[in-house]
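Here the structure is laid out as structure tokens; the discussion comes afterwards.
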């Protein structure tokens, strides 16, 4: 469970460099492939007690030949939006008729919710539209989600969210996790109401969708696997299979064209736990790992691994045309070229 | 009252022992494949190359094949020495080496190998060999694209030799990875976790009792001895005393993987063949000739600082066992990586500075 006898040994799929402009974490990444933009959650340390960190969103434009590796902060506008209570984690996007909608998990302890933004590419501005899955959205029959981790959008204002544990972040959640309880859950919002879709899951974390094949992927942080569900027409989920990883998945990205699954993981979980206790201490590091599961043969390869010196506690990954982006919980964003995509 | 107390103490000790064995045998580990470039299996060699001696000046590697180690092998498994020429273009083939001299071919099963260039410029090879009755010797060869047997050395200090490193034309340092000589006693010794290995200097004593020493090698300056401890999953660095007669420990590096044999390259980096999931390696090695069993392979590269107090790890290669099973050694010559396994395939990979 805590991976006491594990470590990773550094290797890269090609040349790597740190993306400038990101220093307070890149805990969530989302690629909008239609416009080749990657959105980045920054400032997650705010949710872990560091009030000096500013939670926000940034964007990174992917180009064929990147002369510069720089992410730009995105301004957020909206009357009801409170930036001081914004600690973004998981991101999902919905692209329709040239319009980009961003669904962002806000994991601030005082405001566990999903914030919905509209992105204006020309101005590089996000307009805050709505807040969903606040306390008021839940009925008496459905307990409120206290530990939202990730979100995946399946239609306009329709999305699944993963609730990591019954208890909110803190000592009680730690006790719950140490006892390896299975009180995590998957909720579905259909535009008006929230319903419980899967319960008694062990620490559901990363979510992803394969739109072409209509599959939903749910990572389990402690069980160290990824569950695969078929998404039915009525948005119900049918369990298909389970992929054992023996490493803790934190972020999942699906390569639409090939069906390959890219996973960012915490290979040594006790290190990752220490990092969450000291989110701003650069001396406390955790290993980073990226796995890739081939969409056809299901063979798992490991394109990237690092002991924490370059990137600590990898939490998100995105891959597009030999661009590999790896985001850490509280630190850097890394960009790598993938020299041998077929074998790495 | 005392009886129940003793019972709970026994339960506690048993639980602690089982926990330690679970961690040691890597039941919570698996591997994820990756390669430093294009890889392929080398033709002409199928019964492994437990150890490889790389002769940089000549651009060739000498490979041992057909090792016999406690567990029985099929009758057709023949102990052989192979040559791999790195200058071959477009082909990846190992050629068997002819051995001239008086020796028992049926009982020749080479294991660890080391080489040294003599004052006359010839290459001298030292090879550990086991008979089918598991008797041990070190055979000394002169290498000229053939192997001429110079002599066979037997010594009571060769208890269960695994690897060796030449320190001069006549002397070497050798590791005994344990003392048990049969499958049953080896299992008992293994389960007991008693340090029953040793590292010896022919002629002399270096480390009388230690836990499963496996690979041994000298650094490029030939001032430090590097020893892998397979079951402890550590690599130890020792400063060699005058005339190789004493050792003082410099550092223990926790590898968290079962390191086997070493190669030290021109840059001073150490290349290690390792078994990342030990229980699978043990299962595979008890029946080497059952092709349905295989074990993960790992290649690690460690670069030490000058004083050996800090180091940097990379992992150029990892395979689940289907390309190469239970790799034990890796040698690098410029952009080529040659990986040998205990009793199966040899793999050649392209490698670049960016994918090391």
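Backbone N, Cα and C define each Cβ position, glycine as well.
Quick caveat, the model's predicted, so the values are computed rather than measured.
The feature disulfide bond is assigned by TrEMBL to A:16-A:336. Taken from TrEMBL, the feature Ca(2+) binding site covers A:91, A:150.
Counting other Cβ atoms within 10 Å of each Cβ, the recorded positions A:16, A:91, A:336 show the lowest value at A:16. In the shown protein chains, 27 other C-beta atoms lie within 10 A of the C-beta of residue A:150 (Ca(2+) binding site).
Residue A:150 (Ca(2+) binding site) sits 24 Å from residue A:336 (disulfide bond), counting Cα to Cα. Between the CA atoms of residue A:336 (disulfide bond) and residue A:91 (Ca(2+) binding site) there is a gap of 21 Å, rounded to the nearest whole number.
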